[in-house]
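Undergrad: Just lifted these from Swiss-Prot, have a look:
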TRANSIT   1-41  transit peptide
REPEAT    114-148  repeat 'PPR 2'
REPEAT    149-183  repeat 'PPR 3'
REPEAT    184-218  repeat 'PPR 4'
REPEAT    219-253  repeat 'PPR 5'
REPEAT    254-288  repeat 'PPR 6'
REPEAT    289-323  repeat 'PPR 7'
REPEAT    324-358  repeat 'PPR 8'
REPEAT    359-393  repeat 'PPR 9'
REPEAT    394-428  repeat 'PPR 10'
REPEAT    464-498  repeat 'PPR 12'
REPEAT    499-533  repeat 'PPR 13'
REPEAT    569-603  repeat 'PPR 15'
Amino acid sequence: MTSCVHLGIVASQSKKMSLAKRFAQLRKASPLFSLRGVYFSAASYDYREKLSRNVLLDLKLDDAVDLFGEMVQSRPLPSIVEFNKLLSAIAKMNKFDLVISLGERMQNLRISYDLYSYNILINCFCRRSQLPLALAVLGKMMKLGYEPDIVTLSSLLNGYCHGKRISEAVALVDQMFVMEYQPNTVTFNTLIHGLFLHNKASEAVALIDRMVARGCQPDLFTYGTVVNGLCKRGDIDLALSLLKKMEKGKIEADVVIYTTIIDALCNYKNVNDALNLFTEMDNKGIRPNVVTYNSLIRCLCNYGRWSDASRLLSDMIERKINPNVVTFSALIDAFVKEGKLVEAEKLYDEMIKRSIDPDIFTYSSLINGFCMHDRLDEAKHMFELMISKDCFPNVVTYNTLIKGFCKAKRVEEGMELFREMSQRGLVGNTVTYNTLIQGLFQAGDCDMAQKIFKKMVSDGVPPDIITYSILLDGLCKYGKLEKALVVFEYLQKSKMEPDIYTYNIMIEGMCKAGKVEDGWDLFCSLSLKGVKPNVIIYTTMISGFCRKGLKEEADALFREMKEDGTLPNSGTYNTLIRARLRDGDKAASAELIKEMRSCGFVGDASTISMVINMLHDGRLEKSYLEMLS
């Protein structure tokens, strides 16, 4: 055993003194020990009292170590049964390394193990994912004449299941039958859980019937494990059929099983089925809990059914099922997204009245709401409030507030938040950088936008196609086409595929810079790249031709567009109408206006402004203005 223990097993006692030091201090300072270490003082005979069931349930780790010290110093030594009680109690604290270390000390003191001791150690090694050492202990105990029992094999089974050796776990259960061990419900439950861990759902479900055939009745935990595993995989129909199977087998499903299926139905967007199952469980007298309600409220909120979600909140309060932070946060987020910030604020106030502390999700949702309604000072106040409550913002919270400031043209405050993120040890993500780059371009700070892009790359944050589109759009709009072309060429050579919007940015940039031929070449190359032009990119190219005075090319592309099945939009018609008006072609512009109106579009602000100016100059009749509106 000693050799097994020394194979890399050292008890982790970072906050505790080593056992050797503890024992040394006990000998030196405590009157519990005689000089010879043989006789206990009158106060220490009662270690047996400390090993009573009630005391062990409340035993603290420090006290357990002290108690072990008392026991090994006691004469005569306590029986192995007494030591087993203590080791078992420590194992239940999940302090497996300590159990192994104490077991090693017992061996050094020549305290012989019994089967129960070996089972404790095997379980600890398995729980530490050290199956080879568990098997070594098994080998040693069998050499000493101890036959493994169902507890031994169940521990090993758990070790196999969690050690990515599921086939050996299945083989072990088969071997148990051969060896005439009778696997119990716990054994099967362990294997079922292991099968789900290794994505063997069908085998796990089949094991239920195999259990029954072997005379072992599945219990609530068995079904709960299978239902949970199936729901995580999205096999909800099978989970529902198991629910019916439970009813036939006179096993009453509990709130946990119903909630698991309801949550899965919600996750897979079957909200009405989830509500029906909720009603079914209620009719059967199974009282829903806060988790059940939270699943449904969250799902209803995601569907924009915030009024139904609010009714569920009222229902749970009436039934004295206390909503928690998850409940309120889901509703607050839904109200914010629906633009109902006043209702969201009322819910927040209700949370505070109920002494429910908001979490980062609550604060982030409200901050987003304030930003959406241009209430940036209140958003900043909420941000500062959450920090004062020791609820520290994450990258998403910062991104929300930075976006709000950038949208309001308060980019410097957004930059200040960006710097604050770094000071807090948070690294901005792609969204952070995209927001700042776009905000800086919109604020006219082209140079700083480029610097932030360079910082993004140097910080190892990967730009995405949105980043490149923002960068290219900004460069083109500020007349830096040459730089944009360099970036675009790099993008084309990279593994990242430009999308239709990226191509549109470049074509528009080329056309506005007077390089219509280059824009046309890029447009023509789209089909070779497998990109189908949409109405936006057609309109951009038509606008480029019109700007250059290439009326025939614009008309030809307009016809091609319709033949291609791409319907013109308001922008397409207005672009062509303005071009015809500039050329003085009243008849052609009138025809286009009629066609546009028949498609349900009207003149945009630019077209109407042009017509009004031409009316004042006497170049157009009033009928044109009436036609447009």
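Using the three backbone atoms N, Cα and C, a Cβ is placed for every residue, glycine included.
Remember, predicted model here, so these are calculated numbers, not experimental data.
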Undergrad: Are there residues at least six beyond either end of the repeat 'PPR 5' (219-253) with Cβ under 8 Å to its Cβ atoms? List them, or say none.
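TA: Contacts of the repeat 'PPR 5' (219-253) (Cβ under 8 Å, skipping residues fewer than 6 from its ends): 185, 188-189, 192-193, 195-196, 199, 201, 204-205, 208, 211, 260-261, 263-265, 268, 270, 281, 286.
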Undergrad: How about long-range neighbours of the repeat 'PPR 10' (394-428): same chain, 6 or more residues beyond its ends, C-beta under 8 Å?
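TA: The answer is 360, 363-364, 367-368, 370-372, 374, 376, 379-380, 383, 386, 435-436, 438-440, 442-443, 445, 456, 459, 461.
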Undergrad: Please give the sequence-distant neighbours of the repeat 'PPR 3' (149-183): residues at least 6 beyond its ends with Cβ less than 8 Å from one of its Cβ atoms.
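TA: Distal contacts: 115, 118-119, 122-123, 125-127, 129, 131, 134-135, 138, 190-191, 193-195, 197-198, 200, 203, 214, 216.
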Undergrad: Summarise the repeat 'PPR 15' (569-603) by DSSP state, stating how many residues are helix, strand and coil.
TA: 27 helix, 0 strand, 8 coil
Undergrad: Six or more residues beyond either end and a Cβ under 8 Å away: which residues meet both conditions relative to the repeat 'PPR 15' (569-603)?
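TA: For the repeat 'PPR 15' (569-603), the sequence-distant neighbours (Cβ-Cβ under 8 Å, at least 6 residues beyond its ends) are 535-536, 538-539, 542-543, 546, 551, 554, 558, 561, 610-611, 614, 619-620, 624, 627-629.
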